[in-house]
Amino acid sequence: MSLPSNLHPDEASPPWLNKGDNSWQLTAATLVGLQSGPGLVILYGSIVKKKWAVNSAFMALYAFAAVLICWVGWGYRMSFGDKAFLGYLPNATMIYFQFVFAAITLILIAGALLGRMNFLAWMLFVPLWVTFSYTITAYSIWCPGGWLAKRGLIDYSGGYVIHLSSGVAGFTAAYWVGPRTTRDRERFPPNNILLMLAGAGLLWMGWTGFNGGDPYTVSTDASLAVLNTHVCTATSLLTWLILDYIFFGKPSVVGATQGMITGLVCITPAAGVVQGWAAILMGMMSGSIPWYTMMVLHKKVWFLKQVDDTMAVFHTHAVAGSLGGILTGVFAVPKFNRLFYMVTDWQHYIGLFYGFHDGRTTAGFRQLGVQLVGILFVVFVHATMTSIICLLISLVVPLRLSEEELQTGDDAIHGEEAYALWGDGERYESKHNSVYEENARPPSTKGDDDCFKTFWGNLLSRPRV
């Protein structure tokens with residue numbers, strides 16, 4: 001039987017290239033890219049106080065663009081060399097696919113720094129960190145020649161390389177940058193919860209590409225990875241929601257979003273190598289353990305209280321990512337790892353549970369030990385490199401905004417604001433942006449909340465026809 005003419009190999013479509021795999025890889029990469037923009041751009045812009053909406057969203061968008069240039073220029077080669085995936089997919093496909101993972105890592109770090117970091121310092125931080133910090137763990141864990149990859153560390157889609165890395169780096173950078181203003185730390189309400197949910201929904205659905213698009217799994221266990229991802233995430237969200245209801249009396253929407261994120265993070269290192277029942281157990285733990293560290297432990301541990309982590313990235317990514325890595329070492333199924341790694345010595349990839357079950361206890365403890373060593377390595381690398389980068393940047397520009405900028409927010413930093421609605425029918429005209437120079441808005445003695453109260457008060461007090 002002959003193939004259709006459009007499936008015959010030619011110079012543009014060599015025999016080793018599977019067009020379907022390549023198309024899905026590009027689609028999966030785009031889904032991950034949509035997690036960053038618009039997903040996290042919307043989420044950050046809406047979950048923060050109104051005066052920080054533009055700055056928070058733009059920190060994410062800038063990171064996406066800056067990482068792309070660095071990744072194409074030198075980042076990919078530093079992480080994977082020239083031959084990491086030859087014979088599987090075109091090099092351009094893999095550069096694009098791995099770029100979106102690098103980009104979202106920087107954007108997650110930004111979550112810990114919202115509401116006070118000098119934007120110029122952030123512009124310097126992004127290329128330096130992706131070059132000198134991210135590439136180390138990406139090479140060590142994901143490149144076939146990396147030392148942790150050779151020792152059998154299981155990180156299916158980035159629980160270590162992305163989430164643990166961003167949690168540790170974000171927390172470390174937040175320490176060096178310093179806290180938000182006292183007023184912002186005491187009261188930092190979301191400016192638009194509905195938009196926050198929209199961003200969270202994009203983040204969740206985009207995870208289909210995150211865990212279902214690994215280059216080794218496009219034809220094997222990608223379906224299992226996608227299903228496990230959604231099962232774990234839903235379980236985690238519901239667990240967090242129930243705990244909020246029990247201990248605080250109300251089902252928090254922001255809390256449910258945090259539970260969704262911890263579920264996504266926890267399942268990432270294990271998505272395609274565990275059974276469905278294990279994904280449910282991981283969801284229950286990812287919805288409860290980070291909840292405990294955030295809601296209880298954070299208020300009791302002195303050091304944690306000293307660091308102003310705006311989006312609680314330490315808990316949602318460092319804690320949840322570490323938890324996922326450890327549980328991968330417990331629940332990883334040897335046969336699923338054979339499908340994932342496609343190597344002859346796949347038997348050493350075995351979770352502790354199956355080590356007991358199959359009479360290979362030593363191999364199970366070894367796998368768990370490798371997972372723990374990976375956590376320590378990632379923490380050491382990113383705590384060290386992030387500290388060095390922050391200290392170097394502080395020699396050039398301040399890491400933290402000035403007190404005047406901290407009081408004003410978006411208008412002082414960008415000359416723009418998210419919502420052009422003002423009390424007494426005023427139009428928004430910024431005195432900090434050249435576009436509005438001719439008609440600068442007179443300074444208002446009213447706070448943001450007062451302006452909105454006046455606006456809605458005037459609107460509602462109008463006589464009805």
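Each position is counted from 1, following the chain as shown.
Backbone N, Cα and C define each Cβ position, glycine as well.
Database features (TrEMBL):
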| type | residues | note |
| --- | --- | --- |
| TRANSMEM | 24-45 | transmembrane segment |
| DOMAIN | 24-419 | domain 'Ammonium transporter AmtB-like' |
| TRANSMEM | 52-74 | transmembrane segment |
| TRANSMEM | 94-114 | transmembrane segment |
| TRANSMEM | 119-140 | transmembrane segment |
| TRANSMEM | 160-178 | transmembrane segment |
| TRANSMEM | 190-207 | transmembrane segment |
| TRANSMEM | 227-248 | transmembrane segment |
| TRANSMEM | 260-292 | transmembrane segment |
| TRANSMEM | 312-332 | transmembrane segment |
| TRANSMEM | 368-397 | transmembrane segment |
Intrachain neighbours beyond the transmembrane segment (119-140), with Cβ under 8 angstroms and 6 or more residues off its ends: 55, 58-59, 62-63, 66-67, 69-71, 74-75, 78-80, 98, 102, 105-106, 109-110, 113, 146-149, 160-161, 165, 169, 173, 177, 377-378, 381-382, 385-386, 389-390, 392-394, 396-399, 413-414
Tertiary contacts of the transmembrane segment (190-207), as residues 6+ beyond its ends and Cβ separation under 8 Å: 31-32, 34-35, 38-50, 53, 229-230, 233, 253-254, 257, 260-261, 264, 418-419
Residue numbers, six or more beyond the limits of the transmembrane segment (24-45), whose CB comes under 8 Å of its CB atoms: 53-54, 56-57, 59-61, 63-64, 89, 93-94, 96-97, 99-101, 103-104, 107-108, 110-111, 114, 195-196, 198-200, 202-203, 205-210, 212-213, 215, 218, 311, 418
Contact between the transmembrane segment (260-292) and the transmembrane segment (368-397) (at least 3 Cβ pairs under 8 Å, separation 6+): no
Within-chain partners of the transmembrane segment (94-114) [C-beta distance under 8 Å, separation at least 6 from its ends]: 25-26, 28-30, 32-33, 35-36, 40, 44, 48, 52, 55-56, 59-60, 63-64, 66-68, 71-72, 75-76, 79-80, 84-85, 88, 122, 126, 129-130, 134, 138, 158, 161-163, 165-167, 169-171, 173-174, 177, 213, 215, 309-311, 313-314, 317
Model confidence over the domain 'Ammonium transporter AmtB-like' (24-419) (mean pLDDT, whole number): 93
